[in-house]
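Below you'll find the structure, written out as structure tokens, and then a few comments.
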Amino acid sequence: MMLSKVVMGLLTASLAAAHMEMSWPYPLRSRFDPQVPEEDIDYSMTSPLNSDGSNFPCKGYQTNTPWRATAQYTAGQTYNMTITGSATHGGGSCQLSLSYDNGKTFKVIQSMEGGCPLVSKYNFKIPGDVANGQALFAWTWYNLIGNRELYMNCADVVISGGTGTPSSFESAYPDLFVANVGNGCSTVEGRETVFANPGDQVIYGGTVTPSSPAFPICH
């Protein structure tokens, strides 16, 4: 017999609190999204991506989940995203990025270097020169303490008011930093991840300052 959403939520409460997850904008298959059918909810959204990279990006959900925008953004405006959970693993570093090709390419619009996610809400600005239309909005996190992992949640969003195209946006913004998914790049426990190309919008926390050297350096 199928468990109700409430009962399943109670049974998985400890798992949901084990790590962190983006709760707004609603990620693909999120338990926070009231429009996701019960049978499609991922109650392990807080789990990291597979260490072999087999479900990078977005746990693969962008390829098998019907597209439905959970947020609408206007270029040049400021919005917020929310992270939920209790085990912050000492913080770490996060990035916010956009993809216009269904997850093949992610470009960074904001980095939070150090101390992320020690607060639950972050403001971010949608740049004025982004492209319009459907996009994937992604939150990625490299924890400071614990196993070397990559956490990633993605949301379908729609953007208007931008002056760019997908190609011009991809040319103007840095690539998403990717590590700990079998790609030959790994972070180091206890050492802050400092992105080599964080973009123009950067929030500093923990022990990271604007003069902190990039680490790790991966090619």
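Cβ atoms here come from the backbone N, Cα and C positions, even for glycine.
Swiss-Prot names the disulfide partner of Cys58 among Cys154, Cys185, Cys218 as Cys154.
Disulfide connectivity taken from Swiss-Prot links Cys94 to one of Cys116, Cys185, namely Cys116. Cα spacing between His19 (Cu(+) binding site) and Cys218 (disulfide bond): 26 Å, rounded to the nearest whole number. Note: the CA-CA distance between Cys58 (disulfide bond) and Cys94 (disulfide bond) rounds to 15 Å. Put simply, of the recorded positions Asn80, His89, Cys218, the one whose Cα is nearest the Cα of Cys116 (disulfide bond) is His89. Listed in sequence order, the residues of the same chain lying 6 or more apart from Asn80 (N-linked glycosylation site) and placing their CB within less than 8 Å of its CB are Trp24, Lys121, Tyr122, Asn123, Phe124. Cys94 (disulfide bond) falls within a strand segment according to DSSP.
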